[in-house]
Amino acid sequence: MEEDHCEDSHNYMGFALHQAKLALEALEVPVGCVFLEDGKVIASGRNRTNETRNATRHAEMEAIDQLVGQWQKDGLSPSQVAEKFSKCVLYVTCEPCIMCASALSFLGIKEVYYGCPNDKFGGCGSILSLHLGSEEAQRGKGYKCRGGIMAEEAVSLFKCFYEQGNPNAPKPHRPVVQRERT
C-alpha cells in the first residue's frame, strides 16, 4: 500500500473505530464503519442490535440504510443508487459477517477495508469468501477486500466488551462488570 494511502486508511479506520467506541459505550458489540465516496465520508454506522432488539442491525446495515434513505430522498432511481454503491469504499473495524458481506456483494460495493478478522462469522475470507463473487451468488458482484488495518485497536475494543460482560446476552450469563467511562 502506498504511504499516502496507508495514512488515509488509518484516518478512515480511526473514524470507524470512533463508531465502534460509541457502540461499546452503548453496551453493543463494538463494531463501527464508514462509507466513502471520492475520499469523503458519506455515512457511518455502529452496531445497534441490542438497542433495536434486531439482530440484523450491524454497523454496515445501519450505514447502508442511511445511504439508501438519503439517496431515495434525493430522488435517485434504483440504477442510480446501484451506480453510487459501485463507487463506494467501506472501512469497518471487523471483517464483515456473512450477512453483511453478502449484502455488500449484492450492492456491488467497490472495496472493503477491515480491522480484525471475524473467525466465527467472517464473510470476506475467514469462513466464506463472498467478496470474490460467483455465479452461485445470485446477482452478487465481487469486491476488493483487505484486512488487518488497525486490527489491534479493534481487538482491544472487543476485549473490553467481553471483559465487561453483555447485560443483553441470554440468561444465564456471567455478571456484568461496571467500568469507569473514559
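Going from the start of the chain as shown, residues are counted 1 onward.
Cβ coordinates come from backbone N, Cα and C, glycine included.
E60 (active site, proton donor) carries a helical DSSP state (H, G or I). Every protein chain shown contributes to the tally, and the Cβ of E60 (active site, proton donor) ends up with 27 other Cβ atoms within 10 Å. The active site, proton donor annotation in Swiss-Prot covers E60.
What Swiss-Prot lists as Zn(2+) binding site is H58, C97, C100. For C100 (Zn(2+) binding site), the same-chain residues that are 6 or more apart in sequence and have a Cβ closer than 8 Å to its Cβ are H58, E60, M61, G123.
Per-residue pLDDT, averaged across the domain 'CMP/dCMP-type deaminase' (7-135), gives 95. The domain 'CMP/dCMP-type deaminase' feature in Swiss-Prot is assigned to 7-135; the stated evidence is sequence analysis.
Sorting each residue of the domain 'CMP/dCMP-type deaminase' (7-135) by its DSSP state yields 59 helix, 30 strand, 40 coil. H58 (Zn(2+) binding site): 26 other CB atoms within 10 A of its CB, across all protein chains. Taking the centre of the Cβ atoms of H58, C97, C100 as the Zn(2+) site, the nearby residues of that chain (Cβ within 8 Å, site residues left out) are V31, A59, E60, M61, P96, I98, M99, A101, A103, F121, G123.
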